[in-house]
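Per Swiss-Prot, the features are as follows:
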ACT_SITE  TYR208  active site, proton acceptor
BINDING   59-83  NAD(+) binding site
BINDING   SER195  substrate binding site
CARBOHYD  SER219  O-linked glycosylation site
MOD_RES   LYS73  N6-acetyllysine
MOD_RES   LYS97  N6-acetyllysine
MOD_RES   LYS132  N6-acetyllysine
MOD_RES   LYS177  N6-acetyllysine
MOD_RES   LYS212  N6-acetyllysine
MOD_RES   SER246  phosphoserine
MOD_RES   LYS258  N6-acetyllysine
MOD_RES   LYS259  N6-acetyllysine
MOD_RES   LYS259  N6-succinyllysine
MOD_RES   LYS280  N6-acetyllysine
TRANSIT   1-46  transit peptide
Amino acid sequence: MLATRLSRPLSRLPGKTLSACDRENGARRPLLLGSTSFIPIGRRTYASAAEPVGSKAVLVTGCDSGFGFSLAKHLHSKGFLVFAGCLMKDKGHDGVKELDSLNSDRLRTVQLNVCSSEEVEKVVEIVRSSLKDPEKGMWGLVNNAGISTFGEVEFTSLETYKQVAEVNLWGTVRMTKSFLPLIRRAKGRVVNISSMLGRMANPARSPYCITKFGVEAFSDCLRYEMYPLGVKVSVVEPGNFIAATSLYSPESIQAIAKKMWEELPEVVRKDYGKKYFDEKIAKMETYCSSGSTDTSPVIDAVTHALTATTPYTRYHPMDYYWWLRMQIMTHLPGAISDMIYIR
């Protein structure tokens, strides 16, 4: 009964995007319906002075498409020297070609697989050798590269869990550790792209949730350690932007589902049945097609984290529905929040 009362009002909330933020000291602000946290991001002015951009160097991972692609172009337009890490640069990906077509000495695409220590170290050397004064370091690192998958625990192979973690979690750790010496010299910024699913769990998304919860914890630990050294660490937690990031298409969802079903142990297929399996896939298709196609709230959040004198600890670019749902999941007792999923 309570789950129904909660879910129906949530579904009627307008689809406007928010950017509710915790301040740098990590203190929670009251989350009231009348607070400024409910101002849509398109109308909200971040209350913080801006650092001069100059020609500060920033590295963004995962720039082949999605957030990273848009970020690279936007930060370049703001005057940054941008190193755009692209997984598919060596394969001539269309996104890489478009970035290269800008023909700017302030935007350089680099081959970068965040799972490869060798490629990461090569990029460290490329960045260091490109800086006017390496001793002054590099201003910003945006850990954006990520992959996603879906499937209930019994439907998901252990190998899939490892693959998602290698990119989303260990890729973030690997990149951060490799670039921290340059970031520390500049007293710069680390911005980690997490997700609302790094704050609240979701059925059929455990591989992704695990990694994003890990990114949240890693970011908090790093922020505590770096604060005395003048480095500021922020986390951006986007809502549902799947439709804007090309993570899934109807075809890719069906291909993943087909492979998943075929590889399931016979006992799992027998116990759950194809009807149950297909219903879960249909829910995933609906979720993927219902998200926002406008990435600007995320781009604005990352830009603020890189340029503000006092950047926020966390940014929440998401619509009202997901913002309120996250507050319920993270602030109310588990016995209540569980009712959203357990009926």
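Each Cβ is built from the backbone N, Cα and C atoms, and glycine gets one as well.
It should be emphasised that the depicted structure is a prediction, and the values quoted were computed from it without experimental measurement.
Feature map: Swiss-Prot annotations on the structure.
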residue: CYS63; record: NAD(+) binding site; CB count, 10 Å: 33
residue: PHE67; record: NAD(+) binding site; CB count, 10 Å: 24
residue: LEU75; record: NAD(+) binding site; CB count, 10 Å: 26
residue: GLY79; record: NAD(+) binding site; CB count, 10 Å: 14
residue: PHE83; record: NAD(+) binding site; CB count, 10 Å: 24
residue: LYS97; record: N6-acetyllysine; CB count, 10 Å: 11
residue: LYS132; record: N6-acetyllysine; CB count, 10 Å: 8
residue: SER195; record: substrate binding site; CB count, 10 Å: 27
residue: SER219; record: O-linked glycosylation site; CB count, 10 Å: 24
residue: LYS259; record: N6-acetyllysine; CB count, 10 Å: 11
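Considering only the modified residues LYS73, LYS212, the Cβ with the fewest other Cβ atoms within 10 Å is that of LYS73. Considering only the recorded positions SER195, TYR208, LYS212, SER219, LYS177 (N6-acetyllysine) has SER219 as its nearest partner by CA-CA distance. Counting only the Cα atoms, the space from LEU59 (NAD(+) binding site) to SER195 (substrate binding site) is about 20 angstrom.
Taking CA atoms as the reference points, PHE83 (NAD(+) binding site) and SER195 (substrate binding site) are 23 Å apart. The two recorded residues LEU71 (NAD(+) binding site) and LYS212 (N6-acetyllysine) have their Cα atoms spaced 20 Å from each other. Closest in space to LYS212 (N6-acetyllysine), of the recorded positions given as LYS73, LEU75, LYS259, LYS280, is LYS280, taking the CA atom of each residue. Taking the Cα of SER195 (substrate binding site) as the reference point, the closest of the recorded positions PHE67, LYS132, TYR208, SER219, LYS258 is TYR208.
When the neighbouring Cβ atoms lying within 10 Å are counted for each of the recorded positions (LEU59, TYR208, SER246, LYS258, LYS280), the highest count belongs to LEU59. Here the Cα atom of LEU75 (NAD(+) binding site) is found 18 Å from that of LYS97 (N6-acetyllysine). Distance noted between the C-alpha atoms of TYR208 (active site, proton acceptor) and SER219 (O-linked glycosylation site) is 17 Å. The Cβ of LYS177 has fewer other Cβ atoms within 10 Å than any other of the recorded positions LEU71, LYS177. For the pair LYS280 (N6-acetyllysine) and SER219 (O-linked glycosylation site), the Cα-Cα distance reads 32 Å.
Ranked by Cα separation from LYS258 (N6-acetyllysine), the recorded positions PHE67, SER219, SER246 are led by SER246.
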